[in-house]
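According to Swiss-Prot:
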type	residues	note
DISULFID	C31-C165	disulfide bond
DISULFID	C52-C68	disulfide bond
DISULFID	C100-C258	disulfide bond
DISULFID	C144-C212	disulfide bond
DISULFID	C176-C191	disulfide bond
DISULFID	C202-C227	disulfide bond
DOMAIN	25-251	domain 'Peptidase S1'
CARBOHYD	N123	N-linked glycosylation site
CARBOHYD	N124	N-linked glycosylation site
SIGNAL	1-18	signal peptide
Amino acid sequence: MVLIRVLANLLILQLFYAQKSSELIIGGDECNINEHRFLVALYTFRSRRLHCGGILINQEWVLSAARCNRKNIRIQLGMHSTNVINEDVQTRVPKEKFFCLSSKTHTRWNKDIMLIRLNSPVNNSTHIAPVSLPSNPPSLGSVCRVMGWGTISATKETHPDVPHCANINILDYSVCRAAYARLPATSRTLCAGILEGGKDSCKADSGGPLICNGEIQGIVSRGGHSCGQPRKPGLYTKVFDHLDWIKSIIAGNKDAICPP
(Lines of atoms letter the chains of each structure in order from A and count residues from 1; the text may use other names and numbers.)
(Lines give C-alpha, C1' and ligand atoms only; values in the text may rest on other atoms or scores of the structure.)
Protein backbone atom coordinates (compact mmCIF):
# COMPACT_ATOMS: atom_id res chain seq x y z
CA MET A 1 0.00 0.00 0.00
CA VAL A 2 2.85 2.37 0.91
CA LEU A 3 4.60 1.47 -2.35
CA ILE A 4 1.44 2.32 -4.31
CA ARG A 5 1.25 5.73 -2.60
CA VAL A 6 4.91 6.44 -3.34
CA LEU A 7 4.47 5.49 -6.99
CA ALA A 8 1.33 7.62 -7.23
CA ASN A 9 3.14 10.62 -5.76
CA LEU A 10 6.05 10.13 -8.16
CA LEU A 11 3.61 10.02 -11.07
CA ILE A 12 1.97 13.26 -9.92
CA LEU A 13 5.36 14.95 -9.61
CA GLN A 14 6.37 13.70 -13.05
CA LEU A 15 3.18 15.07 -14.58
CA PHE A 16 3.64 18.37 -12.76
CA TYR A 17 7.17 18.90 -14.03
CA ALA A 18 6.25 17.77 -17.52
CA GLN A 19 3.50 20.37 -17.52
CA LYS A 20 5.91 23.06 -16.32
CA SER A 21 8.39 22.10 -19.04
CA SER A 22 5.63 22.36 -21.63
CA GLU A 23 4.68 25.77 -20.29
CA LEU A 24 8.29 26.87 -20.65
CA ILE A 25 8.33 25.80 -24.32
CA ILE A 26 4.97 27.48 -24.98
CA GLY A 27 6.05 30.45 -22.92
CA GLY A 28 2.81 32.40 -22.97
CA ASP A 29 -0.92 32.43 -22.48
CA GLU A 30 -3.92 33.42 -24.55
CA CYS A 31 -3.97 37.18 -25.01
CA ASN A 32 -6.86 39.09 -23.54
CA ILE A 33 -9.29 39.73 -26.39
CA ASN A 34 -9.10 43.49 -25.80
CA GLU A 35 -5.32 43.91 -25.48
CA HIS A 36 -4.33 43.44 -29.12
CA ARG A 37 -6.66 45.72 -31.12
CA PHE A 38 -3.65 46.78 -33.24
CA LEU A 39 -2.52 43.22 -34.04
CA VAL A 40 -3.23 42.12 -37.61
CA ALA A 41 -2.82 38.80 -39.39
CA LEU A 42 -1.15 38.44 -42.78
CA TYR A 43 -2.34 35.69 -45.12
CA THR A 44 -1.84 34.91 -48.77
CA PHE A 45 -4.88 34.41 -50.99
CA ARG A 46 -3.80 30.85 -51.76
CA SER A 47 -3.51 29.83 -48.12
CA ARG A 48 -5.89 30.03 -45.19
CA ARG A 49 -2.99 29.80 -42.75
CA LEU A 50 -1.51 33.08 -41.61
CA HIS A 51 2.21 33.41 -42.21
CA CYS A 52 2.99 36.59 -40.27
CA GLY A 53 1.67 39.28 -37.99
CA GLY A 54 1.54 43.03 -38.39
CA ILE A 55 0.82 46.21 -36.45
CA LEU A 56 -1.82 48.84 -37.20
CA ILE A 57 -0.24 52.27 -36.57
CA ASN A 58 -3.05 54.40 -37.97
CA GLN A 59 -6.25 53.88 -39.95
CA GLU A 60 -4.37 53.42 -43.22
CA TRP A 61 -0.94 52.02 -42.38
CA VAL A 62 0.43 48.72 -41.07
CA LEU A 63 3.97 47.83 -39.99
CA SER A 64 5.42 44.36 -40.47
CA ALA A 65 8.72 42.65 -41.27
CA ALA A 66 10.24 42.71 -44.76
CA ARG A 67 10.61 38.93 -44.58
CA CYS A 68 6.79 38.74 -44.46
CA ASN A 69 6.31 40.18 -47.94
CA ARG A 70 4.37 38.04 -50.42
CA LYS A 71 2.83 38.76 -53.81
CA ASN A 72 -0.79 38.35 -52.73
CA ILE A 73 -1.13 39.49 -49.13
CA ARG A 74 -4.48 39.62 -47.39
CA ILE A 75 -4.62 41.58 -44.12
CA GLN A 76 -7.14 40.67 -41.43
CA LEU A 77 -7.88 43.20 -38.68
CA GLY A 78 -9.95 42.75 -35.52
CA MET A 79 -9.36 39.00 -35.30
CA HIS A 80 -8.93 37.00 -32.11
CA SER A 81 -9.95 33.40 -32.73
CA THR A 82 -9.24 32.00 -36.17
CA ASN A 83 -12.34 29.82 -35.75
CA VAL A 84 -14.83 32.35 -34.35
CA ILE A 85 -15.01 35.55 -36.38
CA ASN A 86 -15.67 38.82 -34.53
CA GLU A 87 -18.47 40.97 -35.92
CA ASP A 88 -16.09 43.87 -36.57
CA VAL A 89 -13.39 41.96 -38.46
CA GLN A 90 -12.18 43.91 -41.49
CA THR A 91 -10.08 42.70 -44.42
CA ARG A 92 -7.75 44.80 -46.54
CA VAL A 93 -5.04 44.33 -49.16
CA PRO A 94 -1.91 46.45 -49.69
CA LYS A 95 -2.23 49.53 -51.86
CA GLU A 96 1.49 50.21 -51.57
CA LYS A 97 4.43 48.57 -49.79
CA PHE A 98 7.65 50.27 -48.71
CA PHE A 99 10.97 48.77 -47.61
CA CYS A 100 14.33 50.01 -46.35
CA LEU A 101 15.82 47.52 -48.76
CA SER A 102 14.22 45.16 -51.24
CA SER A 103 12.19 42.53 -49.44
CA LYS A 104 14.40 39.96 -51.14
CA THR A 105 17.69 41.60 -50.25
CA HIS A 106 17.19 42.81 -46.69
CA THR A 107 20.16 41.59 -44.70
CA ARG A 108 19.72 38.64 -42.41
CA TRP A 109 20.24 40.82 -39.36
CA ASN A 110 19.06 44.28 -40.32
CA LYS A 111 16.52 46.42 -42.20
CA ASP A 112 13.75 43.88 -41.61
CA ILE A 113 10.86 46.32 -41.85
CA MET A 114 7.91 46.73 -44.21
CA LEU A 115 5.39 49.59 -44.22
CA ILE A 116 2.06 48.78 -45.85
CA ARG A 117 -0.51 51.30 -47.01
CA LEU A 118 -3.97 49.73 -46.96
CA ASN A 119 -6.25 49.90 -49.99
CA SER A 120 -8.80 51.74 -47.85
CA PRO A 121 -8.79 53.10 -44.27
CA VAL A 122 -10.17 50.97 -41.45
CA ASN A 123 -12.63 52.12 -38.83
CA ASN A 124 -11.86 51.94 -35.12
CA SER A 125 -14.10 49.44 -33.38
CA THR A 126 -14.32 47.18 -30.36
CA HIS A 127 -11.45 45.02 -31.63
CA ILE A 128 -9.61 47.43 -33.95
CA ALA A 129 -7.50 50.46 -32.97
CA PRO A 130 -3.97 51.61 -33.83
CA VAL A 131 -1.07 51.50 -31.38
CA SER A 132 1.12 54.50 -30.58
CA LEU A 133 4.54 54.91 -32.15
CA PRO A 134 7.36 55.20 -29.61
CA SER A 135 8.15 58.54 -27.99
CA ASN A 136 11.50 57.25 -26.70
CA PRO A 137 13.56 54.08 -27.16
CA PRO A 138 12.92 51.30 -24.63
CA SER A 139 15.10 51.15 -21.53
CA LEU A 140 17.35 48.20 -20.82
CA GLY A 141 15.48 45.72 -18.65
CA SER A 142 12.04 46.98 -19.67
CA VAL A 143 9.30 44.38 -19.50
CA CYS A 144 7.59 44.21 -22.89
CA ARG A 145 4.80 42.14 -24.39
CA VAL A 146 5.20 40.04 -27.52
CA MET A 147 2.16 38.50 -29.19
CA GLY A 148 1.01 36.55 -32.20
CA TRP A 149 -0.57 33.43 -33.65
CA GLY A 150 2.81 31.78 -34.20
CA THR A 151 3.66 28.23 -33.23
CA ILE A 152 3.51 27.54 -29.49
CA SER A 153 5.91 24.59 -29.47
CA ALA A 154 9.66 24.60 -30.07
CA THR A 155 9.63 20.96 -31.15
CA LYS A 156 6.77 20.89 -33.64
CA GLU A 157 4.70 23.39 -35.59
CA THR A 158 1.59 23.83 -33.46
CA HIS A 159 -0.44 26.94 -34.21
CA PRO A 160 -3.05 28.17 -31.71
CA ASP A 161 -6.53 29.35 -32.66
CA VAL A 162 -6.02 32.52 -30.63
CA PRO A 163 -3.00 34.81 -30.25
CA HIS A 164 -0.67 34.11 -27.38
CA CYS A 165 1.09 36.79 -25.34
CA ALA A 166 4.26 36.64 -23.25
CA ASN A 167 6.26 39.12 -21.20
CA ILE A 168 9.94 39.37 -22.09
CA ASN A 169 12.75 41.78 -21.25
CA ILE A 170 14.82 44.20 -23.29
CA LEU A 171 18.35 42.80 -23.04
CA ASP A 172 21.74 44.27 -23.78
CA TYR A 173 22.64 43.92 -27.45
CA SER A 174 25.82 42.07 -26.43
CA VAL A 175 23.68 39.14 -25.27
CA CYS A 176 22.38 38.65 -28.80
CA ARG A 177 25.86 39.13 -30.28
CA ALA A 178 27.08 36.30 -28.07
CA ALA A 179 24.19 34.13 -29.25
CA TYR A 180 24.46 34.89 -32.98
CA ALA A 181 28.03 34.91 -34.26
CA ARG A 182 27.28 36.84 -37.45
CA LEU A 183 25.35 39.65 -35.80
CA PRO A 184 27.13 42.94 -36.63
CA ALA A 185 28.75 45.08 -33.95
CA THR A 186 26.05 47.72 -34.35
CA SER A 187 22.52 47.24 -35.57
CA ARG A 188 19.14 48.94 -35.43
CA THR A 189 17.82 45.84 -33.75
CA LEU A 190 16.50 45.16 -30.26
CA CYS A 191 17.56 42.10 -28.31
CA ALA A 192 14.70 40.80 -26.17
CA GLY A 193 13.80 37.62 -24.35
CA ILE A 194 14.37 35.71 -21.12
CA LEU A 195 17.97 34.66 -20.41
CA GLU A 196 16.96 31.33 -18.90
CA GLY A 197 14.74 30.65 -21.91
CA GLY A 198 11.14 29.55 -22.00
CA LYS A 199 9.48 32.66 -23.44
CA ASP A 200 10.01 33.72 -27.00
CA SER A 201 8.42 34.62 -30.31
CA CYS A 202 8.43 31.76 -32.80
CA LYS A 203 7.55 30.75 -36.36
CA ALA A 204 4.73 32.83 -37.90
CA ASP A 205 5.09 35.51 -35.21
CA SER A 206 7.39 37.47 -37.56
CA GLY A 207 6.13 40.95 -38.32
CA GLY A 208 4.18 41.12 -35.08
CA PRO A 209 4.56 43.62 -32.24
CA LEU A 210 6.80 44.01 -29.24
CA ILE A 211 4.88 46.42 -26.99
CA CYS A 212 6.57 48.36 -24.19
CA ASN A 213 4.55 50.74 -22.01
CA GLY A 214 1.74 50.84 -24.55
CA GLU A 215 3.97 51.74 -27.51
CA ILE A 216 5.23 49.69 -30.44
CA GLN A 217 8.99 49.36 -29.88
CA GLY A 218 9.88 46.27 -31.88
CA ILE A 219 8.85 44.19 -34.88
CA VAL A 220 9.42 40.46 -34.54
CA SER A 221 12.30 39.63 -36.87
CA ARG A 222 14.09 36.40 -36.06
CA GLY A 223 15.69 34.25 -33.39
CA GLY A 224 17.31 30.87 -33.00
CA HIS A 225 16.28 27.76 -34.91
CA SER A 226 14.58 26.49 -31.74
CA CYS A 227 12.44 29.04 -29.96
CA GLY A 228 12.72 29.77 -26.26
CA GLN A 229 16.20 28.33 -25.73
CA PRO A 230 18.39 29.63 -22.87
CA ARG A 231 20.62 32.56 -23.84
CA LYS A 232 19.09 32.64 -27.33
CA PRO A 233 16.84 35.72 -27.20
CA GLY A 234 14.93 37.04 -30.17
CA LEU A 235 15.76 39.90 -32.51
CA TYR A 236 13.30 42.73 -33.11
CA THR A 237 13.53 45.59 -35.60
CA LYS A 238 13.88 48.76 -33.54
CA VAL A 239 10.93 50.95 -34.48
CA PHE A 240 12.26 54.07 -32.77
CA ASP A 241 15.29 54.15 -35.08
CA HIS A 242 12.98 54.09 -38.12
CA LEU A 243 10.54 56.77 -36.97
CA ASP A 244 11.69 59.47 -39.39
CA TRP A 245 11.44 57.06 -42.32
CA ILE A 246 7.97 55.87 -41.26
CA LYS A 247 6.64 59.39 -40.74
CA SER A 248 8.13 60.64 -44.00
CA ILE A 249 6.54 57.83 -46.03
CA ILE A 250 3.16 58.42 -44.40
CA ALA A 251 3.47 62.15 -45.11
CA GLY A 252 3.87 61.38 -48.81
CA ASN A 253 7.65 61.35 -49.27
CA LYS A 254 7.99 58.04 -51.07
CA ASP A 255 11.71 58.61 -51.60
CA ALA A 256 12.45 58.77 -47.88
CA ILE A 257 15.71 57.08 -46.95
CA CYS A 258 16.05 54.63 -44.08
CA PRO A 259 18.69 55.23 -41.41
CA PRO A 260 22.09 53.70 -42.32
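Cβ atoms are placed via backbone N, Cα and C, with glycine included.
Shown here: features listed in Swiss-Prot, placed on the structure.
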residue: C31; record: disulfide bond; DSSP (3 states): coil
residue: N124; record: N-linked glycosylation site; DSSP (3 states): coil
residue: C144; record: disulfide bond; DSSP (3 states): strand
residue: C165; record: disulfide bond; DSSP (3 states): strand
residue: C176; record: disulfide bond; DSSP (3 states): helix
residue: C191; record: disulfide bond; DSSP (3 states): strand
residue: C202; record: disulfide bond; DSSP (3 states): coil
residue: C212; record: disulfide bond; DSSP (3 states): strand
residue: C227; record: disulfide bond; DSSP (3 states): coil
residue: C258; record: disulfide bond; DSSP (3 states): coil
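Of all the disulfide-bonded residues in the record (C100, C144, C165, C176, C258), the one with the smallest CA separation from N123 (N-linked glycosylation site) is C165. Counting other CB atoms no more than 10 Å from each candidate's CB, the disulfide-bonded residues C68, C100, C144, C165, C227 peak at C227.
The recorded positions recorded for this entry are C52, N124, C144, and the Cα of C52 lies nearest to that of C202 (disulfide bond).
Around C31 (disulfide bond), the same-chain residues six or more apart in sequence whose CB sits under 8 Å from its CB are L39, H80, M147, V162, P163, H164, C165, listed in sequence order.
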